[in-house]
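Following: one structure in structure tokens, then a few remarks.
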């Protein structure tokens, strides 16, 4: 990631400079030390003969942290490839090196020189700015361009089909930083970056990623490429005056340490600051190892991200070999990516040649048109099989020193991962990992790939971090700016309900319940908050609270303090604190004492309750009659008398005055349960009727919000509140029915006048206001119906303001400690001499749902008693059937009945009814006689058989 000129400027310079070195290129064209792989298209193509050597290019800055590590890695890879007989099968791999010299212009020139050497692939550059330029050349000449260090996210676009990177894309690094910021709970950061393609595009991705987490970049501090110490100092001084203390540094490894050196001199590396560095810092530290103590002192508490490469035996062997390669050169992760890039191209070429492909170049027709110009671009040749080789590279699946090497559909390496480092003591300490598979974790990413992806917030974890100033607790991440601007607090200049908030002659210029809550919450914050209260409104009428919220959104105020209702629409634009008082819309209407009704005795029960109770009276009376009819003479007699008995017995139990005694056990069981039910019903009825007749009953034409909606009468609302918009937008009430009212006097006057005299039928307002209003209404007005919305009041801060979170915590603490209640009693300790809400007679009626359990018990008891009774009757009926001696006579009767077309079913049912109607004593007597007769018959039969036996004896 080096300095570079802009793309447009570089293109113009290229066109001017090609003509300068064209002559030298012509001279070197025939004297190249590198073997030609093939001739141009004008010559006859050779048969499928494998070339003796093949050229690839390497373009990077030699004298840089990345370049000094990459060059020995390139040479080691070339030697290893040529020494391995299983790769390329005898074809020698040549690397053509070109120094970009940390210059966009020279880098572009070097790229053209590489292409002149008929390279089949180019590795590099390390600068994203140069990569943008060279990608156009690679597209035109069909030469795959593999970069081991260019991390600009936009290089993966479809605009550069021949570009792919063997290192990680900064897109993933920015999401790793975003997850870390979200994990730490910060909402705003300042991005410090080099103003080139890599810096700008990386920070752009960071902003998009933060937006998904409801965070943002509050300021982008761009550093000019090659900026001196004074320029960096001026930039850091300006950002130090801002509120955010979280800095993300995305610069070049060769000059990035200057940022921390200046920050240290400005006192910005102490407690309260957060510094997050991208992979450039670990690259610099690894290259400088061992790092001197002075440099480490600059970086204490910094958090940095480093490319994670899988630990393997191949990597360990390479690290041991590195010491013998160039022990004086620093090592960093880009050396690993450079080494793997060479091997990736070599193995791809091996597959390419094994597929019976050959290397050929041809003239580009588009470049032939420049022959008439002094700029001879037509000398550059197109690699005809470049697209095939690119396809093979993208399809490769191998393992190198950096781990598995595979590419996804966007030409990025799969499974991107980073190490999270904390700079402390004498070097960096790893506190965790990040991968797009599992997010932040303390476990190595490769151990989690076999498990399902899980990037949930609850799954994120890191080891403890020591922050700047040797602090172990995560910094708050923001302070009040040091530019002398206090917090601008907007306070509504109310003309009504001034106990909540109003103007005051004494400092701070405002007073009221809301102001005391806000001040008490500020006192709990661990830092001072400079502030100025500014009245909003002309003082002649209540200001519009929606307009006040818009002023906060427009950055005219930092916060709005007052009786601000938290609504869904408002939360889309500002951040509210935790509610400090409950609220909700209610309806207030005139009331009058209800007139006594001659039918008041029916009010305790609902219609359903009366109907079910009456039905059970009759049902229980009928069941008791059935159970007592065979035992009790009081339940016998003519049908008319028995019917009267049923009705009399049923309803006399209501007063426990029934004169009939129950005899049967089943009848007594049913009666006991029923009398218990009657006792409960009587007691409830008496209590409810007493309340109706003795407690004052108030009534109103308006019964609640529903009856108010269906009417066509005017409705009063408080001027400036959200109630008007709610009635119109949510309840679809016509705007012409809404009457804005200024203060409490207008409220009372409008209600007294009524709709016919120019007043209103009812008022819709929030409950805290209504509590104050009804205190002075002499009980002439009450709330009707239920509270039909439930909201609260809070303080409105600008979107994503960190102060809103701290204030919410403070308000919760006030509530838990009872301070909110003390402030409430100080300002709003109203005593209501009359009930605020009128009682609804319908709601006070006793319904069936309060007694269905009793009726269920009674019904089950009746069912069991009837079942036992009829089972006994059926048993007796079976006993009364004719015996075997009578069955023959019965069969004759059956035959006669069948001839006449008559069955036995009707006579049998009549006999059953007769048995049911008979007295129990009569049934028992019949069964007794039948039993005696059966006994005698059996005895006489036995005697006659004995006499017959004796007569037969000679």
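Using N, Cα and C of the backbone, Cβ positions are placed for all residues, glycine too.
In TrEMBL, the annotation transmembrane segment applies to 851-874, one of the ranges 803-826, 827-850, 851-874. TrEMBL tags one of the stretches 544-568, 569-593, 669-693 as transmembrane segment, and that stretch is 669-693.
As annotated in TrEMBL, transmembrane segment covers the listed stretch 639-657 rather than the other ranges in 639-657, 696-714, 715-733. Just so you know, the Cβ of residue 779 (disulfide bond) picks up 14 other Cβ atoms within 10 Å once every protein chain is counted. Within the chain, the transmembrane segment (609-627) has long-range Cβ neighbours (under 8 A, six or more residues past its boundaries) at 602, 635, 642, 645-647, 649-651, 653-654, 662, 664, 666-667, 670-671, 674, 677, 681, 845-848, 851, 855, 858-859, 862, 865-866, 869. Nonlocal intrachain contacts for the transmembrane segment (851-874), taken as residues 6+ away from its ends with a CB within less than 8 angstroms of a stretch CB, comprise 609, 612, 616, 619-620, 623, 626-627, 666-667, 669-670, 673-674, 676-677, 680-681, 684, 912, 915-916.
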